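Below is one structure; the comments refer to it alone.
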Amino acid sequence: MRWIFRLVVLLFVLLGLAAGGSYVVARLSLPVVNGEVKVGQILSGPVEILRDRNAVAHIRASSRNDAAFGLGYAHAQDRLWQMEVQRRIAAGRLAELFGAAALNTDKFIRTLGIRRKAVTAFAHLKPETQTTLQAYADGVNAFLASRNGPLPPEFLIFDVTPEPWTPADSLGWLKMMAWDLGGNWGRELATLGLAKRLTKQQIEEFYPPYPGDGPVALADMTDLYRQVAAAVDVERLLEILPPERPEGIGSNNWVINGKRTVTGQPLLANDPHLGLATPALWYFAHMASPAGAAIGATLPGVPGVVLGHNGRIAWGFTNTGPDTQDLYIEKIDPADTTQYVTPEGSAAFVTRQETIKQRSGEDVVITVRETRHGPVISDVHDGARQQLEAGYVLAFAWTALLDEDTTADALLGLDSVTDWNGFNDNLRRFVSPQQNIVYADREGNIGFVAPGLIPIRRADNDLKGLAPAPGWDARYDWNGFIPFDQLPRSYNPPPGTIVTANNKIVPDSYPHFITADWAEPYRARRIEQLLKERNVHSVESFKQLQGDIMSPMVGEILPLLLAVPPKNLPRNSELPGSHGLMASWDGNMSVNRAEPLIFQAWYRELTRLILADELGDAFQPLWRFRPILIKNILTNQNGQSRWCANQATGATTPCSELVAEALDRALDDLKVRYGSDMARWRWGEAHSARGTHRPFSNIAMLRRFFEVSVPTGGDAFTVNVGRNDLANDKDPFGNRHAASLRAIYDLADLNRSQFMHSTGQSGHVLSRHYRDYATPWAAVEYIPMSMRPADFETGALGRLRLTAR
């Protein structure tokens, strides 16, 4: 195939460049950052794109829309392949690039109708938002039309030329971001699957309540299984549908008022935790025009500063993790298979056809069905009909699929907000994904609000969105949404501190159900603890806090493991030494220590020994950190040590034996992976943060060129997050989700604010700015980003002027 030939040729070119080959060849696909470019009659005045010494793009224009145009141009210069892949994901068009390997993904995304919903959403936006989105698209397209050199290497390999950018491409990616931050439907399927194996009590134990809360009162799952799950081959569904949202995905943010800072003005910190990618998800930019200015983190493909400040206020996001997705088992009308049963009688499926083109393959045509709840997702995989008994389908409801998605209005309006009231008014149009947004302004005020549409579920809904519901029963339908003025919020609270870290953000008296899936409060409690340890804070103390790698989870679980002395396990000569090493460890997840690696392997094997025989085939997709469950089992809360029993033999096995055996197995595994010399084991080596490149992380000979990797500390529960995937046998300790961005805002002088993301500003593998942020990011270092010309013009890398012809 021609693309394989191009790939091999490119590999030799890259090898030559790595060995000091031709600089001229490297320059061919890099963007021009100096000079003047004529871009037609689109602009109302000249646009300047200045790249400062850290490659941050500073865009100055004569209007807000011209600034958006400049951002689109800069994004296309530096991140064009990333934008191309992102819009193809949202449009369900990956198979055109990657062939049959991407077909199932395309089928699923086409069934959801992400791009169709993006087109619909555009019509519901404010006119000024529409013009900004179009101006941004014009900027992207102006680059495509004006470039002189070849496209970035990925385009050459796949022999593809990007189509013109459209506003729907931008809105589609915002919806995919909402998808990435969701995932409740995985929990629903898991709950239904567990009903085949576990009792109602065991399910409640497997999903323990948030600390301090009582168990969520659910329907009798056995009864539910008789009513609903009889229609579903749950084990097959668990194989093809996604697992639960993993721990560590979310974010940290906190804000303190001026009474607790050295300057007398607020400080705000934010670090969103997302899947690591190369290039990074974020792109730093400063946009300025007479209409206003903003600086911070932008999303390539989307206009505007998503996380940052506008010179008057600063803001930061964390994921609320609300339950905004529900699965419904729909019953087909036996008298007419084009219809399904509703509480009011039969209704017709809404259908459409989608044609998916493949690279080197025939077009695939799928028929998408929709019910009153949403698209039928059980149609999107080969053999899905065999996984449901005849007469039933599975439909998916999600707030981001609502036609009136005006989230872009809220995001693009942040640059002009000046005070708390304006901040709240602007966020009324925020739909999905619900976020905990902290706020600070130069007048010394701090606040927090969690905007987004959250379904109201009826009082007699005994599933509460935690398991697939009978679609023909009205009590499981959504009953509107929580009114904006009743969403969680706080303004200038007496303690002078606001912390959110995906933890529970509402008091027990809150009248609405948001979720049963709050993140464990380890990070939130650690942040609160460290904030209390100092009377006053500074930017430097906030940096230390964002870099904290002391694991509260280890502090809770390790003593329970060490309380069991290992006995009668002679296979590992290292075992006595490892036990003593762990006994003297403080839980610091440092890159240079062996203890974090031993603990992770020990915990991993223990969860396997305790849960695998109970869960059977469901164990692999549900294998993740469950520290509250493990703690309850090891401390025998309400008799939960029964989980340690051997289900195959019925023998009562003391948990202490499993703890000892787990350590033995862990050391066996570590010796195979890292050698027999325990003194050489290092957490950082095993826990390297790998920014996945689409698609070249999957090709060994290209991975080292395109993928950015760096040793890191932390775990899924440290403030400085680094989540690994226990279920990944090939690489169970690698860091896959972490702080994709760190930002600290000083309201005494917002131009002293500090930022860092995980790779570099450029998405061009041949650029010196492709990976130059990675090492300082891992070391929790920062770059300053100022809106003062005297600051960002000094040492600038280039100044590009865009003008009308």
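Including glycine, each Cβ sits where the backbone N, Cα and C put it.
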Ca(2+) binding, same site as ASP323, ASP326 - TrEMBL member from GLU154, GLU163, GLU188, GLU204:
GLU188
For SER251 (active site, nucleophile), which of the binding-site residues GLU188, ASP323, ASP326 has the nearest Cα in space?
ASP323
What three-state secondary structure does DSSP assign to ASP323 (Ca(2+) binding site)?
coil
Including all protein chains displayed, how many Cβ atoms other than that of ASP326 (Ca(2+) binding site) lie within 10 Å of its Cβ?
29
In sequence order, which same-chain residues at least six apart have a C-beta under 8 angstroms from ASP323 (Ca(2+) binding site)?
ASN184, ILE454, PRO455, LYS464, GLY465, LEU466, PHE513, ILE514, THR515, ALA516, ASP517
Tell me which residues of the chain lie with their Cβ under 8 angstroms from that of GLU188 (Ca(2+) binding site), as long as they are six or more apart in sequence?
GLN325, ASP326, LEU327, GLY465, LEU466, ALA467, PRO468
Could you name the residues, excluding GLU188, ASP323, ASP326, of the same chain that surround the Ca(2+) site, i.e. Cβ within 8 Å of the Cβ centre of those residues, in sequence order?
ASN184, TRP185, ARG187, THR324, GLN325, LEU327, ALA397, GLY465, LEU466, ALA467
